[in-house]
Amino acid sequence: MMKKPVALIIMDGFGYNKDVKGNAIAESKTPNLDRIKKEYPNTLINASGLDVGLPDGQMGNSEVGHTNIGAGRIVYQDLTRITKSIKDGDFFTNKVLCEAMDNAKENSLHVMGLLSDGGVHSHIDHLKAIIKMAKDKGVQKVYVHAFTDGRDTDPQSALEYAKEVQASMDEIGVGEFATVSGRYYAMDRDKRWERVELAYNAMVRGIGEKANSIEEAIQNSYDDGKNDEFIMPTVIMKDDKPVGSIKENDSIIFFNFRPDRARQITRALVCEEFDGFKREDIKNFFVCLTEYDITIENVHIAFGPQSLANTLGEYLAKNGKTQLRAAETEKYAHVTFFFNGGVEEPNKGEERLLIPSPKVATYDLKPEMSAYELTDKALDKLGEDKFDFIVLNFANPDMVGHTGSIEAAIKAVETVDTCVGKLIDKIVELGGSAIITADHGNAEYMLDPETGKTVTAHSINPVPFIVVGQEYESAKLLDGGRLSDIAPTILDMMKLEKPEEMTGHSLISK
């Protein structure tokens, strides 16, 4: 008997916004999604703030979204967990952080990370807490290596953050900026080692662009037409010498909490086996605020991983179901590692399909990305009649939305519409069913209605939730859902009991 697959199609960064201006989704031609919405029940679900375990009003992101979707419960995110520990005071007695501070008394403390309150990869409040702790512990030499954002924040907001941290350091009485690098270099995740090398050279070798202050470095970049994301790695100088390069035995605290864009620069700084580029042979006391990758050695983890039992993937495997996880490079970790609750190993019966993302500087240059190739390969896999459950992510609305180009984002959305149409036709033909949704908003909110400025960050808008399949044509959906209700809905569609760890609910009205 042919399998009747249940598919979960995640249109990354595809939110709902009633305003049309600056809304690449509303401005796109989406005949397939329009038709599907007419034929099948659909609603909106929440994908930000408290609904996904983030602080109230905090925009969602892909890591958080996929973790909540796969877990079937609200997962309290590292941002919330760490911020709470600062408020409670536990942060300042954290064993690993204390050890780093003790080591730095004889040496120096380098604090590196994304200078942002975007809350996606890091939070500026965590940096301030580390500086305060250093002062309280008697550390004299504290150097900040700032990575500038411009993706999860306004494209030219780095000066504000730099001033805020400078004011904080002045008030606390310790700390100075040593280097500044755009996240494009310091936080690459696509093995573009030549980018990472520039950030490494600035921090360790004191080689790169030069400036007398972080403000000067940022302003030079703006004058050169480069926004925060693309600030060239720059060494801050004092008396013709770098303010503070990383030296043997220094302590380093990397205050990013999201792993994917923290891994490469960490590997460059700590791994003995490394072939990305030539490095200095130095050993340091290196702290990752959270676990970036279990395979990275020579690091200390300040906030270890939370374990999630019975995620959707694990539970389906226990029930003997086969599954396919499909995405292009940019979102591959999201449909595997994050969807599985931070577990790298595939479940029994879980196959993975990775399509390389195109090698372009920014995705507005190729808004189709690898969606067509991904769709063709996924259609082949559907034809194999071997999968009970399929998760597929289209990266386009998010990755192109981040570029700020509405024109390119429209192409991205229209590409996804075409691809979703093909997949749904095939799934329905097989007698299967599907949920079409998103992990967070982005492409629907690309202009600030008040200032008219380009927005490159995610949004706090709800996302679509469409249930497709012959037996659901006249079904009713519950309102007020959230991402953690998706897994229980899928189990409902697969006629499986929900495990007790899942606190979400099926959104199909009984």
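Residue numbering: from 1, along the chain as shown.
Quick reminder: no glycine exception, Cβ is built from N, Cα and C everywhere.
SER62 is the only one of SER62, SER370, SER484, SER506 that Swiss-Prot places in the Mn(2+) 2 site (with ASP12, ASP439, HIS440). Other Cβ atoms within 10 Å of the Cβ of HIS402 (Mn(2+) 1 binding site), summed over all protein chains shown, number 24.
With every protein chain in view, the residue among the binding-site residues HIS121, ARG189, ARG261, HIS440, HIS458 whose Cβ has the most Cβ partners within 10 Å turns out to be HIS458. Rounded to a whole number, the C-alpha distance linking ASP398 (Mn(2+) 1 binding site) with ARG189 (substrate binding site) is 16 angstrom. Annotation for SER62 (Mn(2+) 2 binding site): same-chain Cβ neighbours under 8 Å, separated by at least 6 residues, are ASP12, GLY13, LYS331, HIS334, PHE338, ASP398, ASP439, HIS440. Of all Cβ atoms in the protein chains displayed, 31 besides its own lie within 10 Å of the Cβ of ASP398 (Mn(2+) 1 binding site). Annotated Mn(2+) 2 site ASP12, SER62, ASP439, HIS440; additional same-chain residues within 8 Å of its Cβ mean position, judged by their own Cβ, are ILE10, GLY13, ALA47, GLY60, ASN61, GLY65, HIS66, LYS331, HIS334, ASP398, ALA438, ASN442, HIS458. Nearest in space to HIS402 (Mn(2+) 1 binding site), taking C-alpha to C-alpha distance over the binding-site residues HIS121, ASP152, ARG189, PRO259, ARG261, is ASP152.
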